[in-house]
Structures are given as C-alpha cells and as structure tokens.
Amino acid sequence: MGFVAWWYAWTHALLYMSPYVYSAIGIAISIGVSVLGASWGIYVTGSSLIGAAIKAPRITSKNLISVIFCEAVAIYGVIVAIILQTKLEAAKQPFHPDSMRAGYSLFTSGIIVGFANLLCGLCVGLIGSSCALSDAQNSTLFVKILVIEIFGSALGLFGVIVGIIMSSQATWPAAVVA
Amino acid sequence: MSTAAVFNGDEVAPFFGFIGAAAALVFSCMGAAYGTAKSGVGVASMGVMRPELVMKSIVPVVMAGVLGIYGLIIAVIISTGINPKSKAYYVFDGYAHLSSGLSCGLAGLSAGMAIGIVGDAGVRANAQQPKLFVGMILILIFAEALALYGLIVGIILSSRAGQSRAD
C-alpha cells in the first residue's frame, strides 16, 4: 500500500478508488454524452426541417448544414475520447499520488468535453430548427440565422480546448526501481 | 507513510481542483447555450416579418457567447495552476480552485438565463417598437454584469491557491 493514510478526512474514501475507475468513466462520458448532445440537436433540427419543408421543399438541401453542425459535436467527442484513451496507460504504481492525479485529470477532461458538447449540440439544434422554420417563410433569413448557429457551435470548441489542456496533466509515474 | 518522492502536497487535492475547472466551463457553457438558443429562436421568429432588423438583434447572442469565454478563462487558469511537481498542491488549493470554478460557472449559468429570456422578449418587442432597442441593450448589460461578478470573484479565489502555508 503506498498512499498517505488520511484517516480523519472524508476525502479518504476517494483515495480508495483506483485511477482506472476515474479514467474509464471519464473517457466513456466524453464520447457518450457528446453523442447524446449531437443526437438531441439532430432530432430537434431534423423534425422542424422536415415539417417546414412540406410547404417549402426548397429549404431541405441548404438547411442540412444545421444537421452537420450538430454532427460535428459528436466528432469532437470521438476525437477527444481517442486522445484520452491514448493517455491511459498501464500504471506501474497504481496508487501513487501522480497516478491518482492522472486519473482525476482524465475524468474531468471527459466530463468537460462531454457536457460542453451536450450543451452545444442542444443549442445548435434549437437554433437550426428556428433557422429552417424562418427560412421556409423568408429565404433571406437563412444566412443571418446561420451566424447565430456559429456562435452556438463555439461552445463545443471551448470544451475541447479545455479538455485537451487538462489531459496534458495525465502523466503517469514510472515504475519503481527496485 | 508515503511513497510520494516527487509529489508535493495531498493526493486527493487535484480531484477538487479539476472538478472546479470542469464546473467553471460546463456551467458557463450551460448559460451561454441557453442564452444563445433562447434569443436565437426569438431572432428567427422576429426576422420573418422584419428581416432588416436581424443583424442588429444578434447582440444578445454575442453577449451570451462571452459567458462561455469567461468559463474558458477560469478553467484554463485553474488547470494550469494544478502542478504538484513544481509547487505543492494541498487540499486548501484544491478547495480554492473548486470554489473559484463554481462561482464563475454558476454565475455564468444565471447570467445566461437572464440574457436569453431578456434577449428573446427584447428582439420581438424591438421589431414592433424600434424605440425599445436602447432599453433592451441596457437590461442586457445589467444581466452580463452578473457573469462579470462571478469572473472577478473566481479570479480572486483562484489567486488564493498556494497561500495556505508560509513557505
């Protein structure tokens, strides 16, 4: 056993969980919750787009770009999950404080990317649905509402940036030299 | 006894520090997403009748986007401040970073909700009564100031990290 026994702090309970638990859950959240956000945005946009296109079929091909903006959010999640899992290595000293810190950083990196992409996908989906509905009534509005969608998609990028900065903290300690 | 030959500080402290950075970004993004979506839907609905006002009405969307930037700033400040190899990272620092992230994030969430609802109502009203534009901007500025308060307190709190001991 190689960790400091903080027997008088409730945070001692956190030290009993292996860094693999934290890393694995973080990686799963980064891909799973990102895809949840992308799908939420796609169904909100897609249903409005199809409904509005009944009377204005010209809008379909242009407004697919809103669906693609939502899909990009899922791609961010895939990329970051792949990056995070390359940082997950077989820990030579599983309960060394540096290993615990690496585990925590992968966990929070995954949470940041996952939830930022969830919010971004939902936001872009709502605006995309309004874009389709207003484009069906007045075709000059498409490009103007697209500007608002671009502001929305920046949120997913913020999450990816911070997630990648934080995952650079995931340095595992080397093996103990006997 | 500890095998922490190179690690200075307390092992569980980085958990709270990282969760603080996550809270800063995720909650600010919640506020930014709500503000962007709510006012964006208002702009799209309004623009059907008055397309020439759409570009002026993008102001609430830009103000909501700034909230995401505030969260990004605090998250980067916190995650670059967690460096146990160069400077000891105690639970005091972990909790300071947690409070910094939560204050910036939750303030950004609330400001985003305010900006969204005011922006939505404001752009729709501006389309019918053009004199209301200045009034809408004034109310949006008051709402944005809330997120700024959270950013200021977050920066003050994260500067407290590292001050728990005299060394």
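In case you wondered, yes, glycine gets a Cβ from its N, Cα and C as well.
Please treat TrEMBL annotations as automatic predictions, because they have not gone through curation.
The transmembrane segment annotation in TrEMBL covers B:12-37 (among others). Note on the transmembrane segment (B:12-37): residues 60-61, 63-68, 70-72, 74-76, 78-79, 81-82, 84, 89-91, 93-95, 97-102, 104-106, 108-113, 115-116, 119, 147, 154, 161 of its chain, located 6 or more positions outside it, place their CB under 8 angstroms from a CB of the stretch.
The domain 'V-ATPase proteolipid subunit C-like' annotation in TrEMBL covers B:19-78 (among others). Applying DSSP to the domain 'V-ATPase proteolipid subunit C-like' (B:19-78) sorts its residues as follows: 55 helix, 0 strand, 5 coil.
The transmembrane segment annotation in TrEMBL covers B:58-78 (among others). Listed as Cβ neighbours of the transmembrane segment (B:58-78) (distance under 8 Å, sequence separation of 6 or more from its ends, same chain) are residues 17-18, 20-22, 24-29, 31-32, 34-36, 39-40, 43, 97, 100-101, 104-105, 108, 111-112, 115-116, 118-120, 122-123, 136-137, 140, 143-144, 147-148, 150-151, 154-155, 158.
Residues annotated as transmembrane segment in TrEMBL: B:98-120 (among others).
Per DSSP, the domain 'V-ATPase proteolipid subunit C-like' (B:99-157) is made up of 58 helix, 0 strand, 1 coil. The domain 'V-ATPase proteolipid subunit C-like' annotation in TrEMBL covers B:99-157 (among others).
For B:132-157 (among others), the entry in TrEMBL reads transmembrane segment. Long-range contacts of the transmembrane segment (B:132-157) within its own chain (CB-CB distance under 8 A, at least 6 residues past either end) are made by residues 24, 28, 31, 56, 59-60, 63, 66-67, 70, 73-74, 77, 96-97, 99-101, 103-108, 110-112, 114-115, 118-119, 122-123, 125-126.
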Cβ contacts under 8 Å made by the transmembrane segment (B:98-120) with residues that lie 6+ beyond its boundaries: 16-17, 19-28, 30-39, 41-42, 59-61, 63-64, 67-68, 70-71, 74-75, 77-78, 136, 139-140, 143-144, 146-147, 149-151, 153-155, 157-158, 161
Whole-number mean of pLDDT values that fall within the domain 'V-ATPase proteolipid subunit C-like' (B:19-78): 96
